[in-house]
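Have a look at the structure that comes next, please.
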Amino acid sequence: MSINDTADKIISMEIRGAGKIAREAVSALRDHAETLPRTGDVSIFIREMELAADLLLATRPTAVSLPNAVQIVMRDVRSASNEEAARRILREKANEFIWSSRTALDRISVMGANHIPDGSVVMTHCNSSAALGSIIEAKRQGKDIEVYATEVRPWNQGRITIKTLNDHEIPTTYIVDSAARTMMKEVDLVIVGADAITVNGAVVNKIGTSQIALCAHEARKNVIVTAETYKFAPRTILGERIQIEERPTNEVLPDDIAAGLPFVRIKNPVFDVTPAEYIDLIITEAGAIPPHLAFTIMREYLGWGLGELQNQFLSLEKD
Ligand SMILES: O=P(O)(O)OC[C@H]1O[C@H](OP(=O)(O)O)[C@H](O)[C@@H]1O
């Protein structure tokens, strides 16, 4: 798939889910490199690849897995001594990222399943491969579990979730988003994914997650977030805020109806922020951590992010 096709599919949400977006972006970068003619000039190659990376980065602003994945793949390419080395590094880093991303999901699924006791009822929101992986693994281990899955307006990702759960013969109850609090009394724990995790352990995920976490907190039910380490956002250490994507309003209300309501404003933020105090555990491939240890994950697994931040501070001091 060309870089433009991949970017278009991410924008239109044909490619969606924070982890999948990262893998597809990386594989598009790898394939794009193959289409570039060899010039023998490494700077031309790097410039072309940066343009392609920028195109992908401009698609959706919230899931930090996208810029993290692009950085993981591009970082060493930028310092390659010649074109062939740059091409080889890019190919290797891309393949490594895709492989490690899948391995991370497998590990998270096993750890996530360990946190789902036999006989429990789990609520999930949206369609997270990490959260679903944990539920499916619990079932595979022979645990008797049930799931409550929300609809997830306006894109209805809940339908993808219930199809997957049904395919795995997991008894599932499908509810509208606003039924989450009423149904919380039937539920033992909540498992969701993440699009970004900030340095203070707050989790950015599909709109509605924070309401569910709040209800779970009120009902004394555990909230577990499943997230690969590349969902952590080191730049939040500097105070950079995660941008919450606002999508077209006609995803919420068709334009012809909205046109007849001139005093009505429509908003369509597609993610929200769940504060750390409503999260019991974040399960990563590196282990399960309480949210306040988010910085440790950033330091150990996204160390490059911190090095870059340090350089920024140094250049600020020089100015
Ligand atoms: O990476 P995995 O766990 O699959 O998904 C993580 C999150 O990405 C999705 O965003 P969207 O549907 O692309 O807007 C959902 O918010 C989901 O919880």
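Any Cβ shown, glycine's included, is placed from N, Cα and C.
Sharing the record's features from TrEMBL:
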ACT_SITE  Cys126  active site, proton acceptor
ACT_SITE  Asp195  active site, proton donor
BINDING   Arg16, Gly17, Ala18, Gly19, Arg60, Asn205, Lys206, Lys231  substrate binding site
Around the substrate site (Arg16, Gly17, Ala18, Gly19, Arg60, Asn205, Lys206, Lys231), what further same-chain residues have their C-beta within 8 angstroms of the site's C-beta centre?
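Leaving out the recorded residues gives Lys20, Ile21, Thr62, Ala63, Ser65, Ser128, Gly193, Ala194, Asp195.
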Go through Arg16, Arg60, our binding-site residues, and report the one whose Cβ sees the most other Cβ atoms within 10 Å.
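Counting every other Cβ within 10 Å of each candidate, the maximum falls on Arg60.
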Ten-angstrom check, please: count other Cβ atoms within 10 Å of the Cβ of Lys231 (substrate binding site), all chains counted.
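The answer is 28.
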In terms of DSSP three-state secondary structure, what is the assignment for Lys206 (substrate binding site)?
strand
Could you measure between the residue listed as 'active site, proton acceptor' and Gly17 (substrate binding site) for me? Cα positions, answer in whole angstrom.
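Here the two Cα atoms lie 9 Å apart.
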If you draw a 10 Å sphere around the Cβ of Asn205 (substrate binding site), how many other Cβ atoms fall inside it, taking every protein chain shown into account?
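Excluding its own Cβ, Asn205 (substrate binding site) sees 29 Cβ atoms within 10 Å.
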For Gly17 (substrate binding site), which residues of its chain lie six or more apart in sequence with Cβ-Cβ distance below 8 Å?
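Asn127, Ser128, Ser129, Gly193 - these are the non-local Cβ neighbours of Gly17 (substrate binding site), listed in sequence order.
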